Amino acid sequence: MDKILYDALTFDDVLLVPAYSNVLPKETVVKSRVTRNIEVNLPLVSAAMDTVTEAELAIALARAGGIGIIHKNLSIDVQARHVAKVKRFESGIIRNPITLFEDATIQEAIDLMLRHSISGIPVVERPTPEGCLLLKGIVTNRDLRMTTSSNEKITTIMTTDLITAQEDIDLLAAEEILMQNKIEKLLVIDEEGYLKGLITFKDIQKRKQCPDACKDMHGRLRVGAAVGIRSNTITRVDALVEAGVDVVAVDTAHGHSQAVLDMVATIKEKYPELEVIAGNVATPEAVRDLVKAGADAVKVGIGPGSICTTRVVAGVGMPQLTAIMNCAKEAAKTDTPIIADGGIKYSGDISKALAAGADTVMMGSIFAGTDESPGETILYEGRRFKAYRGMGSLGAMSEPEGSSDRYFQDASAETKKYVPEGIEGRIPAKGPLDEVVYQLIGGLKSSMGYCGVKNIEELKKNTRFVRITSAGLRESHPHDVMITREAPNYSTSH
């Protein structure tokens, strides 16, 4: 067997070849799939990293049209709360609204509103054995401001003269009722007066602001969450499912391992309807085995990330473009989407990844600098930066719920001596996520215009690459000039 198989390429090694086009960038469609059954309006996924994706960024990305994957360096309860926060941020009809019983106190209402960042709570009778909740009233922030005693029952201040609607109401009719009655919340009941949901004026406004938002069938923003291969993983999945998660990602550095295959199969056996992403991998054989285990999408990328040191610490990996092409060819046999994870520096790299066969791209560093990311903001020499670290860094692996299992290292070891496969650093602050997304998608649409393709599927099928030299790469970047004003989509820091 030959030891050296073939040359492998990454994004900087190639360019897409321009073609005849009658397609304008504004006419292109960038919808895609993140798993077999989950569509996204933008082919962007945020990485499950503790300096990248928590609820705030996941909300912003889903509203833009992509999807965020909440990292797992959190306790089970906290990670589930992040998922629930995304799912409750925007809804058509809130099907399981938070409620209070009639004997609750005003202080309990205050605590509940603060904990869940809500401004109104339906009040119901204690449930029947069948679990039905008979609506009795509603208590809002306005009611709470009118009282000074927090120990009184909420029945003393709640509104009982209620404006309600039936379950079959559409949002246009709901908006009209809300405006006519000058109220912010419309309670949805059945014919017997049992609470079935809640429609808020704020949710209707949010839908208008973000028409391309990535939502589930109930009008809620979509969100994913990472899980590992620890003994408590199924308990974590249980909590995430209860919180309403749309997809879980079995997230490891080496997805082609028996522990990952077993975990994917176990999750799918317990939750056959739950979408499961598995990874990371770099070979067709790995894709085949993960799909056979039950994966609904496969994440590709061994070591391409800017903060990843796997390729130099372990000497293992695959240049990302070749990895995507090899894996996508195998995935196409079972109609399984590929997520290209890592190595994206510019919007042009997104185009190359999709043209190579990926359905979406997962990014960490590009999103880590945004206002919505959870990384610490750092001031250095008069400039704003945000902390960014790999999940294989010492800091990330040493957290109480750290990522050591992602790299198959024992979290219970007394010495806590890990072998890191990532670093900790800082990146320039980039401002709001929606501005970053605008530039990324603008670059992708421009690429599609140059290539004469109208959608992602055509980008995958009807494009060609040309290999370039190091001189060609230098020529591709600005040269023989001193940049006096940086563009919003190009930086010399890469």
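Every residue, even glycine, has its Cβ placed from backbone N, Cα and C.
Note that the structure is predicted; figures quoted are calculated from it, not measured.
Ser306 is the residue from Ser306, Ser446, Ser447, Ser470 that Swiss-Prot records in the IMP site together with Asp341, Gly342, Gly343, Gly364, Ser365, Tyr388, Arg389, Gly390, Met391, Gly392, Glu421. Neighbour counts of Cβ atoms within 10 Å were taken for the binding-site residues Gly301, Gly390; the minimum is at Gly390. With a 10 A radius on its CB, Gly342 (IMP binding site) counts 24 other CB atoms from all the protein chains.
The two recorded residues, Gly303 (NAD(+) binding site) and Glu475 (K(+) binding site), show a Cα separation of 26 Å.
DSSP gives Gly342 (IMP binding site) a coil state; it is part of no helix or strand.
In space, Gly342 is the closest of the binding-site residues Gly342, Gly364, Tyr388, Gly390 to Ile302 (NAD(+) binding site), judged by Cα positions.
When DSSP labels each residue, the domain 'CBS 1' (93-154) comes out as 17 helix, 17 strand, 28 coil, counted as helix, strand and coil in that order. Across the residues annotated as binding NAD(+) (Asp251, Gly301, Ile302, Gly303), the two Cα atoms farthest apart lie 14 Å from each other.
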